[in-house]
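Here's what TrEMBL has on this protein:
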ACT_SITE  Glu202  active site, proton donor
ACT_SITE  Lys333  active site, proton acceptor
BINDING   His152, Glu161, Glu281, Asp308, Ser360, His361, Arg362, Ser363, Lys385  substrate binding site
BINDING   Gln160, Lys333, Arg362, Ser363, Lys385  (2R)-2-phosphoglycerate binding site
DOMAIN    4-123  domain 'Enolase N-terminal'
DOMAIN    136-409  domain 'Enolase C-terminal TIM barrel'
Amino acid sequence: MSKIKAISCHKILNSRGDWTIETHVELDDGAVGIQAIPEGASKGEREAVSLPVDKSVHIVSTVIDDAIRGENPEDQEGIDRMLIEMDGTANKHHFGGNSLLSVSLAVASAVSNSKGIELYEYLSAQFYKKPFSKASLQFPTPVFNVLNGGKHAHNGLSFQEFMVIPSRAYSIDKAIEIGTNIYHSLKTKLIEEHLDVDVGDEGGFAPNNLTVPKALEFLKAAASEQYKPGKDVFFGMDVAAESFYSEGHYKIREENLELNDDKLIEYYEKLFKKFEIIYLEDPFYERDYQAWEAVYKKLGNNCMIVGDDLVVTNTKYLKKAIERKMINAVIVKPNQVGTLTETFDFVRMAQEAKMDIILSHRSGDTAEDTFIADLAVAVGAQFIKSGAPVRGERVAKYNRLLEILAINNPED
Ligand code: PGA
Ligand code: ZN
């Protein structure tokens, strides 16, 4: 059995031109696992803390390297428990969630390389605690964020993400084709209306002078060019409501609205009457629990009510959301919690509660990192968010899914 031989870490740039870390874990049989770490801009208040890059590089290359060297890399849980205990804080602020996660994920990659198996196969075996079987292979449906606002753009649009979601009936390659066709139709429509087609952090267009209903109208018009909304394709929004919440009110400035909880639910209901919306993420501020309960009650029957900032990939907050019936779907972002084992625990709890799972990138991401594509396949996630089908760091994840498809369906 191989052992961990050395861990090193250096800084690299992410898609926003900010520094992040990349960690290399080398095993004594020569196999290497490499992991770059993404970074959010619209973070939940209770996410694991990211340490400044120079500190992280130092911690990973010295303290963590000393502690983990010589360990059995197949004992993922044991290694993750060591990392968690060494850090010793609830929000990982001592060593940094970014430092811990880079080691945790790179260890898994190193083992899959050492065994000569695909990463998703190894992750699946770790997650389900039984060997991967090709018969159970299931691809996530991409949720394409094609119009950007909120903290990912500076265009005065309150809601953060407007998404097109192909029907789950389509294969992964067909779903990617649909998303791409709609993206291109949308670009043409925006140009026709003399709106900007510059893109935001996740590759969606970010024109000025949009309102939420107008954004959805553009989406529906673009989708309708080739597809039938409500049958082939659906719509979704990541409201990221925290970014326009203040003292009990939600300020949708572009429409001069200042809404309380009830009024914001009415606002959503109106949109639901006009548009085929099946996905609503972070519709309220993460501590506005009563509003979450109310929106789930009103709209949760026919729509995914998705917790991101609400639950931050942490079983502690998910448990509460389950007990109080606030959501029926969860975002999974490994860097919100800091280790693979905790991410697995979170996915298991959500699956037991029959929730849909959406694996997600971050707005600051790297083309080097496609881990979420493998992880989505490994746990059988229903959906994946990797932005618009443009920008290298976004398409890298979609391209990895296409690669997994090709590996499993060779043409010859
Ligand atoms: P972030 O946002 O990666 O900028 O935090 C993404 C999201 O809210 O889903
Ligand atoms: Zn979100």
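Just so you know, glycine gets a Cβ as well, placed from its N, Cα and C.
Keep in mind that TrEMBL annotations are predicted by a computer and have not been checked by a curator.
Annotated features taken from TrEMBL, shown on the structure.
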residue: His152; record: substrate binding site; contacts (Cβ under 8 Å, 6+ apart): Ala41, Ser42, Gln160, Glu161, Gly200, Asp201, Glu202, Gly204, Ala206, Ser363
residue: Glu281; record: substrate binding site; contacts (Cβ under 8 Å, 6+ apart): Glu161, Gly236, Met237, Asp238, Val239, Ala240, Val306, Gly307, Asp308, Ile331
residue: Lys333; record: active site, proton acceptor; contacts (Cβ under 8 Å, 6+ apart): Gly40, Asp308, Val312, Thr313, Ser360, His361, Arg362
residue: Lys385; record: substrate binding site; contacts (Cβ under 8 Å, 6+ apart): Pro142, Val143, Asn145, Met163, Ile331, Ile358, Leu359, Ser360, His361
Helix, strand and coil totals (DSSP H, G, I; E, B; other) for the domain 'Enolase N-terminal' (4-123): 52 helix, 25 strand, 43 coil
Structural state of His152 (substrate binding site), classified by DSSP into three states: helix
Least Cβ-crowded entry, counting other Cβ within 10 Å, from the binding-site residues listed as Gln160, Ser360, Ser363: Ser363
Surrounding CB atoms that lie within 10 Å of the CB of the residue listed as 'active site, proton donor', all protein chains: 31
CB contacts for Arg362 (substrate binding site) [other CB atoms within 10 A, all chains]: 28
Distance-selected binding-site residues near ligand 2 (C-beta under 6 Å), from His152, Gln160, Glu281, Arg362, Lys385: Glu281
Residues among the recorded positions Lys333, Arg362, Ser363, Lys385 that border ligand 1 - Cβ under 6 angstroms, in sequence order: Arg362, Ser363
Remaining residues near the recorded (2R)-2-phosphoglycerate site, that is with C-beta within 8 Å of the centroid of the site residues Gln160, Lys333, Arg362, Ser363, Lys385: Gly40, Ser42, Glu202, Asp238, Asp308, Ile331, Ser360, His361, Gly387
Across the domain 'Enolase N-terminal' (4-123), average pLDDT on the 0 to 100 scale: 98
